[in-house]
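Pulled from TrEMBL:
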- 23-45: transmembrane segment (TRANSMEM)
- 38-286: domain 'G-protein coupled receptors family 1 profile' (DOMAIN)
- 57-75: transmembrane segment (TRANSMEM)
- 95-116: transmembrane segment (TRANSMEM)
- 137-160: transmembrane segment (TRANSMEM)
- 196-222: transmembrane segment (TRANSMEM)
- 234-257: transmembrane segment (TRANSMEM)
- 269-288: transmembrane segment (TRANSMEM)
Amino acid sequence: GNHTLLTEFILSGLSSRPELQHLLFFTICFVYSMTLIGNLLICVVTVHPTLHTPMYFFLRVLSFLDISTASVVVPKMLVNLLSEDRSISYLGCVTQLYCVVFLAATEWYLLAAMAYDRYVAVCHPLRYAAIMNPRACLSSVLLSCCSGKVVSVVQTAWVFTLPLCGPRRINYFFCDIPPLVVLSCTDTSLYERQLISATVLVIFTPFCLILLSYACIVSSILKISSAESRHKTFSTCSSHLTVVTLYCASGTLIYLQPKSSNSQDAKKFFALIYTAVIPTLNPLIYSLRNKEVKEVLIRVM
């Protein structure tokens, strides 16, 4: 048939109600500012000599990924909240989708590496320094980045090889897979099955590895005779488990039904949680529950 060549898209944004635009702008601007401040502080604090351990190295990388994820999505969203021109170029949309998927997939694999780090620290404390040496930590981060890059290239290529024949309005506040699939004028059932498989691969495979690590950790914690030691060990691990739960819940609710237009508003909400709110919570979750980080933060301040 006659397909319209799309050179740009129009982002509908978070809400179509004009009276909410300024409120949303100031709220999200505040949240984004807290994201930058909190994660930058984590990056600065974890460089301190007393925090040169694998856990804080991974936490520093996680904070960098959180800053990147929020910065890929939020600034454009803030501009659109105050502007009548909500267009984004075709190339800009491709780039944004690639970055979002790359950062999300990389973060998931990094969370799995962090769970393995906690497993070694609790279950094999005497061999911890030998197993989680600097080379192993750096290799884990590079492997996470490479895995994220592969997932991102494949998903971005598949989405933009679909015939997107209009309308060019994306019912979302950034270029993501579910709203772009809705624009396709061909049968996308095969692609949707592939996306579900990719979601299982990217989210549930690391999640299962994380659960396995924590099953071993809980088993080891229960063998500790001191109640105070048990509480301290579990407190160290619970911060990471909280972050994993938030990521898993929001990620699965967004990507398991890619072409369900009825749930598009709900997906906007979960996408906002994933891209703006969780990056703000990570520094609070890790720092407020960590005595060492708080002590160094006070010293640095």
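Here the Cβ of each residue, glycine as well, is placed from N, Cα and C on the backbone.
All TrEMBL annotations are machine predictions without curation.
When pLDDT is averaged over the domain 'G-protein coupled receptors family 1 profile' (38-286), the result is 84.
Remote same-chain residues near the transmembrane segment (57-75) are listed as 28, 32, 35-36, 38-40, 42-43, 46-47, 96, 99-100, 103-104, 106-107, 110-111, 113-114, 117, 137, 140-141, 173-174, 275-276, 278-280, 282-283, 286 (criterion: CB distance under 8 Å, separation of at least six residues from the stretch ends).
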